[in-house]
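**Student:** Got a structure for you, written out below as structure tokens; questions coming shortly.
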Amino acid sequence: MTKLSVNINKIATLRNARGGDMPNVINVAKDVQKFGAQGVTIHPRPDERHIRYQDAYDLKDIVTTEYNIEGNPNPKFLDMVLKIKPTQVTLVPDAVDAITSNAGWDTVTHKSFLSEIISECKKNNIRTSIFVDPSLAMIEGAVATGTDRIELYTEEFASQYTLGNKKAVEPYTQCAILAHKLGLGINAGHDLSLENIQFFKENTPNLLEVSIGHALICEALYQGLESVINQYLKKLQ
Ligand SMILES: CC(=O)[C@@H](O)[C@H](O)COP(=O)(O)O
Ligand SMILES: NCC(=O)COP(=O)(O)O
């Protein structure tokens with residue numbers, strides 16, 4: 001079975017748009033778990049434009065399933081992770097000004113940097129995962145850092161799948177086979193959706209966990225729209 005961790009960044013983005021507390025991030029985290037998701041993912045960024053560092057602390061006792069915190073391990077991020085001690089930290093090399101994550105780590109060039117952070121997190125009983133492009137060399141590099149898992153960056157797969165190019169899953173299949181052989185756990189995420197998730201899962205052996213946010217929240221909005229409009233219309237009769 002592959003676990004679903006719901007990324008709630010978009011809930012915070014919506015909340016921040018009005019400066020209030022609607023939707024409430026804590027209540028959404030409680031609900032996604034109540035509805036069966038096996039984990040909650042957040043990805044705080046230095047400008048706190050969506051999930052805030054304070055949210056990360058507030059969620060500590062709310063997430064009773066798997067708590068996955070993703071981000072670029074700058075000193076503030078690392079300090080927060082070591083204080084919260086989530087189930088898993090996913091290291092992502094996103095630039096401060098990136099709209100969203102747009103590349104995986106070069107695990108060869110950054111081996112010693114990653115190894116140090118991973119060792120610190122593991123000493124604190126935090127499972128580690130490194131965000132990587134679907135490249136065999138990057139999987140081999142990841143093993144050398146001592147990480148528990150890798151998270152395959154699925155943006156390329158997702159965009160190609162939409163164009164009808166199902167072969168785009170092949171590098172992911174190959175990476176998953178190699179990662180499993182080398183003893184790494186396999187996670188995946190970015191732009192996974194109701195449209196592409198089943199095909200991805202079927203072609204990625206030993207997939208332990210997917211983290212999904214953007215599409216899942218959009219789908220929830222679309223699928224809830226008719227019901228909510230009907231409720232308004234009834235009240236306006
Ligand atoms: C690592 C990754 O792919 C996700 O964390 C993604 O960056 C989601 O974050 P946003 O919703 O802020 O784009
Ligand atoms: N790690 C990927 C993630 O948390 C969610 O990415 P997306 O579904 O928002 O693209």
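Here the Cβ of each residue, glycine as well, is placed from N, Cα and C on the backbone.
Residues or ranges marked as 3-amino-2-oxopropyl phosphate binding site by TrEMBL: ASN7, ARG18, ASP191, GLY213, HIS214. Under the heading active site, proton acceptor, TrEMBL lists HIS43, GLU70. The feature 1-deoxy-D-xylulose 5-phosphate binding site is assigned by TrEMBL to ARG45, HIS50, THR100. Annotated site 'Transition state stabilizer' per TrEMBL: GLU151, in sequence order. As annotated by TrEMBL, active site, proton donor applies to HIS190.
In terms of burial and nearby residues, how do these features look in this structure?
**Tutor:** Sequence-distant contacts of HIS214 (3-amino-2-oxopropyl phosphate binding site), defined as residues of its own chain at least six apart whose C-beta falls under 8 angstroms from its C-beta, comprise ASN7, LYS10, THR100, ASP191.
Long-range C-beta contacts of HIS43 (active site, proton acceptor), restricted to its own chain and to partners at least six residues apart, with a cutoff below 8 Å, comprise ASN7, ASN9, HIS50, ILE51, ILE69, GLU70, GLY71, VAL92, SER101, GLY213.
Under the three-state DSSP scheme, THR100 (1-deoxy-D-xylulose 5-phosphate binding site) falls in the coil class.
In the three-state DSSP scheme, GLU70 (active site, proton acceptor) is classed as strand.
Cβ neighbours of GLU151 (site 'Transition state stabilizer') (same chain, under 8 Å, six or more residues apart in sequence): THR90, SER129, ILE130, PHE131, VAL132, ASN187, ALA188, GLY189, SER211. In the three-state DSSP scheme, GLU151 (site 'Transition state stabilizer') is classed as strand.
Annotation for HIS190 (active site, proton donor): same-chain Cβ neighbours under 8 Å, separated by at least 6 residues, are THR100, SER101, TYR153, THR154, GLU155, ALA158.
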**Student:** For the 1-deoxy-D-xylulose 5-phosphate site as recorded (ARG45, HIS50, THR100), determine the largest distance between any two Cα atoms, in Å, rounded to the nearest integer.
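**Tutor:** Overall maximum Cα spacing for these binding residues reaches 11 Å.
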**Student:** Can you tell me whether DSSP puts ARG18 (3-amino-2-oxopropyl phosphate binding site) in helix, strand or coil?
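**Tutor:** Once the DSSP labels are grouped into three classes, ARG18 (3-amino-2-oxopropyl phosphate binding site) ends up as helix.
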**Student:** List the Cα distance (Å, whole number) between ARG18 (3-amino-2-oxopropyl phosphate binding site) and ARG45 (1-deoxy-D-xylulose 5-phosphate binding site).
**Tutor:** 19
**Student:** Cβ within 8 Å of the 1-deoxy-D-xylulose 5-phosphate site centroid (ARG45, HIS50, THR100 excluded): which residues?
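**Tutor:** Going along the sequence, the neighbours come out as ASN9, THR13, HIS43, ARG49, ILE51, ASP94, ALA98, ILE99.
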**Student:** Can you tell which of ARG18, ARG45, HIS50 has the least company, meaning the fewest other C-beta atoms within 10 angstroms of its C-beta, among these binding-site residues?
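**Tutor:** Result for the binding-site residues ARG18, ARG45, HIS50: minimum number of other Cβ atoms within 10 Å at ARG18.
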